[in-house]
């Protein structure tokens, strides 16, 4: 039996820890992810996957279908053109201060017998140099682990979760160590490194073993930098559920916030979407005892984007995924520019973005997902900025005080 502790005492302790740890971060993180560049995702660049046929549903199967030579040629062209220094200049002009760059284990510590092609680290090197030139900071994000830590296509290979089986954790540590050695030593541009993106605890990842892995990654960070911040994804466990773990060690939590991946969310009113974002800030971010950022989030209010749930998989909004009841037809929400949405949809997207900015800046900031797509309304920051839907300056509000903080 544990003694009962008053809620007031718990809150007081939590707020003290929050104030103490939050003081270690000098400025708010206001960043954007470079998704779909060095780790492919079908919904961000559907053309790459359509050209490869139906069997190409993730980076693993894409490279497997194409073969080494053709895959290397196509991916090299993609890496050279999808993100360039001009993007970094535009990101800086928008008032952002961070870029989070996903990278897969296969780029840092490839495994024999797998079809992935390499060469990504040279482009990550370029990205760090471009960031430095434009006064941006970098979060290097280990986005995919051997066996897949979540079963999502953005881990490199969709399907069953196989991470923590066999020697996959040890292989992941090797990949992480390679990244830490390459990017943390003698560099003040890469100020954060993420241990692993979205390990899926509710999906079967063992949280105690995940904590052990996080401890191992911290040791690798400290071997290369006394000051770099280790970013820990919450594993889809409420962020404050990690309270008491690895406090006071330049460690920061990362939580991701989307309101489209559960069936009922696609039918929510804009008011309910806004309330959910505000509640995340008010209840969960404020309760964490370490600095915390929302490392992925979106302006999208539906899951209509083509391939968002996976290539060959349906959509909740239109009722083609599982037993979800249709909310309506996706229409212009599926692809193209945010400018193709109705006036009400554009206004609601702006409202939703502003509410999230307010909520997430209650703590240490945010990193929007993502900078660029081939046409995904609400997800593409470059498109949102060009159409006046993402605030400029970032503090501008057409819908102020939505959260009543």
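Any Cβ shown, glycine's included, is placed from N, Cα and C.
If you look up Swiss-Prot, you'll see 1-26 marked as signal peptide. For 198, the entry in Swiss-Prot reads active site, proton donor. The feature disulfide bond is assigned by Swiss-Prot to 278-403, 304-330. Per Swiss-Prot, active site, nucleophile is recorded for 296, and the stated evidence type is similarity to another entry.
Locations of recorded Swiss-Prot features on the structure.
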{"residue": "198", "record": "active site, proton donor", "DSSP class": "coil"}
{"residue": "278", "record": "disulfide bond", "DSSP class": "helix"}
{"residue": "296", "record": "active site, nucleophile", "DSSP class": "strand"}
{"residue": "304", "record": "disulfide bond", "DSSP class": "coil"}
{"residue": "330", "record": "disulfide bond", "DSSP class": "coil"}
{"residue": "403", "record": "disulfide bond", "DSSP class": "coil"}
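A Cα-Cα distance of 18 Å separates residue 296 (active site, nucleophile) from residue 304 (disulfide bond). Within 10 Å of residue 304 (disulfide bond), counting CA to CA, the recorded positions 198, 278, 403 contribute nothing. On its own chain, residue 198 (active site, proton donor) has 149, 150, 152, 154, 155, 233, 235, 236, 256 as residues at least 6 apart in sequence with a Cβ closer than 8 Å to its own Cβ. The most crowded of the disulfide-bonded residues listed here (304, 330) is 304, judged by how many other CB atoms sit within 10 Å of its own CB. Across the structure, residue 403 (disulfide bond) and residue 330 (disulfide bond) place their CA atoms 29 angstrom apart.
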